[in-house]
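In TrEMBL this protein carries:
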DISULFID  71-76  disulfide bond
BINDING   167, 169, 180, 228, 231, 263  FAD binding site
ACT_SITE  370  active site, nucleophile
DISULFID  370-373  disulfide bond
ACT_SITE  373  active site
């Protein structure tokens, strides 16, 4: 049988089959659903103008520690668009205050390579720029109740996601460990005495991690699994899009089986790899659930994916609604009814705790050394944050008025772009995992 084949040696190599914890769903069904329904459509959607431009501020300082990572922003300075190329609508006030810090030349050399590969390409066509001014005007006329802190900053710039794929640039500084460590340690409801397995920064003592995790209420367990799933997904992209060699100055990117094995093989990771990958599937289900829940918001005629090109906007919306139909047809959704189902007061404070932990994680992304990783880290975190916002707002979404901007629930263009691209990354991860299973079979 078609599916049975992948369950042999390679399935075992990735240690992954069967049912996921905390939801009634098996991995093989998700693989099939993703490969045949979701992946091809979400790829197409991500190429549409509305979804390919993301506004991001890559200059926010790391709020948690002094930036001492080799390739931190001051050394690996990414040149922004020259002033003349920035659209008038985006040029606000003091946009050109940064100067190039004078740097120690040795550090600069070390940094140069990662800088070249990790630099964000911020070139935009004049046509796009004209369009942005128009989009912004349209967005401003809508009734938004929440303003994202970054959007209005003079340092925020539009980035074309298609020109800046997420991939492994070779940046391995200690601050990379530190970023994830800080996310897990500070933001996963975790007591200090419990250390994450295989955490290179932790002493080897303390209460067993999984005993602690099992003892948590479902919500807090879910929070940890979402973060772990995001971590696994990002690591998978880096293994699948790895800098294999640079000959004649032309970099060659592709899957690195050795790197994949190092991060996910059951034996090399002492059983952690399969857990990480299961958390990736879990995250996929959570974001899939959010998409099916937010469908009514977009099904209203008052919502269009506005770029100013009526024909293209209609096509983008049709494709998005088609994806929503697929997400609703999937039979094994995660049922979040079991979450936040306690007494009203407890549920409310837990939801607030979730929100604050999450806000903190998005701020930790400002500590990522390589700009391209920072860009994708911020985008995927915001996408997950938007998914959670949707799952927490089911009642508000159901009672939206058909023909007027909504008071109770609103998504900004930023949130929509982050939501779709973040889910697109997860869909890609699951597809890449299939590919690694095949490659592992061939190398056996």
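For all residues, glycine too, the Cβ spot is worked out from N, Cα and C.
Rounded to a whole value, the Cα-Cα separation of residue 228 (FAD binding site) and residue 373 (disulfide bond) is 17 Å. Taking CA atoms as the reference points, residue 370 (active site, nucleophile) and residue 167 (FAD binding site) are 11 Å apart. Here the recorded positions are 370, 373, and the one whose Cβ sees the fewest other Cβ atoms within 10 Å is 373. Within 10 Å (C-alpha to C-alpha) of residue 373 (disulfide bond) lie the following binding-site residues from 167, 180, 231, 263: 167.
Non-local contacts of residue 180 (FAD binding site) by the CB criterion (under 8 A, 6+ apart in sequence, same chain) comprise 231. With a 10 A radius on its CB, residue 228 (FAD binding site) counts 25 other CB atoms from all the protein chains.
The Cβ of residue 167 (FAD binding site) has 21 other Cβ atoms within 10 Å, all protein chains considered. The Cβ of residue 263 (FAD binding site) has 19 other Cβ atoms within 10 Å, all protein chains considered.
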